[in-house]
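Q: Under the heading domain 'ABC transmembrane type-1', TrEMBL lists B:69-272. Among the features that TrEMBL reports, transmembrane segment is placed at B:12-38, B:75-94, B:106-130, B:136-159, B:171-192, B:253-276.
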Amino acid sequence: MKNKPGLRKGNFFESIAKGERIVTETHAEINNEDITLDVKEFNLFYGAKQALFDINIKIPKGKVTSLIGPSGCGKSTLLRSVNRINDLLSIVRIEGNMYLNDDPIYDPAVDVIELRKRMGMVFQKPNPFPMTIFENVVYPLRIDGERNKNVLAEVCEKSLRGAALWEEVKDRLNDSALAISGGQQQRLCIARAIAAEPEVLLMDEPCSALDPIATNKIEDLIDAMRGEYTILMVTHNMQQAARTSDYTAFMYLGRLIEYGPTGTIFQAPHCQETSDYVTGRFG
Amino acid sequence: MKAKSLYQRRLVNFIMLSITAGCALFSFLVLVMLIIALCKNGYPALTKTFFTALPAPPGVDEGGVSNALQGSIKMILFSALIGVPTGILAGLYIGELARNTRKADFVLNACGILSGTPTIVTGLFVYTLIVIPSGHFSGFAGITALTLIIIPVTARITAEILVQSSTAMREAAFALGASQWNVTFFVLLRAVRSGLASAILLTIARISGETAPLLFTALNNNYEADSLSQPTASITVTIFQYALSPFAERNDIAWGAALLLTLFILAVTLIARYTGKPQYLSRPLR
Ligand SMILES: Nc1ncnc2c1ncn2[C@@H]1O[C@H](COP(=O)(O)OP(=O)(O)O)[C@@H](O)[C@H]1O
Ligand SMILES: [Mg+2]
């Protein structure tokens with residue numbers, strides 16, 4: 001296949017096969033952004049198996065950034081490294097560092113618990129706690145020892161409104177969170193994740209377990225959160241990335257291949273590999 | 001290879017179905033016969049005296065098993081009160097706090113071996129550990145034996161339930177900045193509580209039927225034990241001794257006690273079934 005004019009010569013796959021180091025094609029637009037999360041020279045190993053290679057990526061403040069790439073390329077691993085939830089697996093070893101608003105994430109002096117409070121995470125499957133809707137939302141405040149009923153109620157309403165769920169559940173805040181639908185549960189998990197006003201919101205394929213209608217609602221919500229929240233989202237679904245995100249990063253075999261504004265990545269990527277992937281030639 | 005004819009397949013199918021259905025019917029019939037025998041022989045014995053009177057001398061009517069009832073309730077209650085929390089804490093260590101470490105594996109395997117040990121061996125162990133040094137059988141020794149049965153079973157079940165069912169919520173809680181303590185007690189234990197409660201009820205049902213470990217330890221007593229340091233009567237040992245007795249009225253009481261015990265275990269099992277209904281994500285995702 002011939003390279004389109006303007007496309008950089010596609011040689012990433014060859015380089016990966018030879019074990020050479022990949023230098024990400026990062027578009028210049030990123031330099032004009034305020035950076036919330038800065039990943040520098042990050043490598044991650046599951047035991048002897050390396051899952052992330054030399055990742056360098058800057059996540060802009062107040063924007064929605066999508067991680068795309070074929071299954072198993074390390075998107076979830078990268079996301080789970082940001083809040084160090086991968087620490088729960090004893091086999092994980094890392095090199096390099098990340099910075100959340102200039103504070104190092106990986107550092108012996110870092111209090112992981114305090115660090116995680118500065119981030120929110122939404123998982124593939126909705127995972128509400130077996131408590132009431134109210135208690136789910138205010139859980140992040142509870143673990144900080146907040147007891148003031150007015151504060152809790154205020155945060156609960158604000159977060160549920162922020163997750164576009166308030167109108168649906170305001171009359172049954174004391175019902176079990178397991179009694180609402182899957183789509184509502186996922187928005188509840190988003191409300192819980194934003195209750196402590198995180199500096200960055202991590203979402204790992206937040207719609208993959210939901211039907212199209214529930215998916216639409218979450219996408220609308222992500223759209224509405226733009227500006228107020230910094231969102232880093234993994235998605236398997238390229239239309240979703242194209243519809244919802246400002247920036248898109250394409251990963252392949254543990255490497256970050258190309259990273260730039262979503263429109264450019266989908267319509268005029270610099271790299272042949274990205275072009276092949278977004279046009280559905282592989283993946 | 002030649003394809004089997006439709007006729008052949010149907011024949012094989014029919015034979016297999018008949019054999020399996022026959023076996024199923026057989027085991028069901030055994031249960032029915034057991035229940036009929038228990039009710040027929042045991043029901044007449046369940047009089048007021050049965051529950052309120054102490055055992056009568058052999059050959060005398062009017063005897064009851066009030067002491068054995070009390071003894072069983074006491075021993076089951078105390079062993080559950082000690083064994084269940086200990087087992088749960090051990091299970092939390094294996095399944096959460098030391099999750100995936102070699103130490104946890106080691107303890108888990110030890111619990112596996114312990115819970116597979118025949119209970120008569122546990123009884124013998126407590127006999128040499130407590131009964132011989134103290135010079136007499138006692139309710140305390142009985143409680144120790146039952147507790148030793150409960151702990152490994154509870155620990156293993158707790159660990160298994162935790163490992164199987166909690167990854168999603170565990171990660172969600174840690175991701176919000178919860179401490180290990182908070183995750184363990186406020187999220188995980190809560191998430192598995194119904195399954196855990198049902199497993200614990202089944203364990204209690206199981207130890208309620210234990211005879212061998214009590215025979216060596218609490219033995220029996222014709223009177224009400226004043227304290228747990230005395231030999232203590234229990235329903236199961238009473239069944240064992242009365243059933244072998246040459247006196248007909250004692251045989252009747254044994255039947256009554258057997259019926260009572262079966263009803264109790266049945267009730268606990270049914271409650272456990274009901275309690276154990278999975279709740280988490282039991283609704284379809286929409
Ligand atoms: N807990 C784990 N232990 C070992 N290997 C893992 C683990 N989780 C993920 N991996 C491996 O890391 C690679 C990246 O996985 P993942 O980040 O889940 O990919 P993605 O989210 O892009 O589908 C895969 O090859 C996967 O097999
Ligand atoms: Mg993934």
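Note that the numbers count up from 1, one per residue, in the order the chain is shown.
Any Cβ shown, glycine's included, is placed from N, Cα and C.
Can you walk me through where each of these features ends up in the structure?
A: Using a Cβ-Cβ cut-off under 8 Å and counting only residues 6 or more beyond its ends in the same chain, the transmembrane segment (B:75-94) has close neighbours at 104, 107-108, 111, 139, 142-144, 146-159, 161-162, 184, 189, 196, 200, 203-204, 207-208, 214, 218, 228, 232, 234.
When Cβ-Cβ distances below 8 Å are used as the criterion, the transmembrane segment (B:106-130) is approached by residues 90, 93-94, 98, 138, 140-141, 144-145, 148-149, 151-153, 155-156, 159, 210, 212-217 of the same chain, each at least six residues removed from its ends.
Long-range neighbours of the transmembrane segment (B:136-159) within the same chain, counting only residues 6 or more positions beyond its ends whose Cβ lies under 8 Å from a Cβ of the stretch, are 71, 74-76, 78-80, 82-84, 86-88, 90-92, 94-95, 104, 107-108, 110-112, 114-115, 119, 122-123, 125-127, 129-130, 192, 196, 199-200, 203-204, 206-207, 210, 213-214, 216-219, 225, 227-232, 234.
Away from its own ends, the transmembrane segment (B:171-192) comes close to residues 92, 96-97, 158, 161-162, 165, 280 of its chain (Cβ-Cβ under 8 Å, at least six residues beyond either end).
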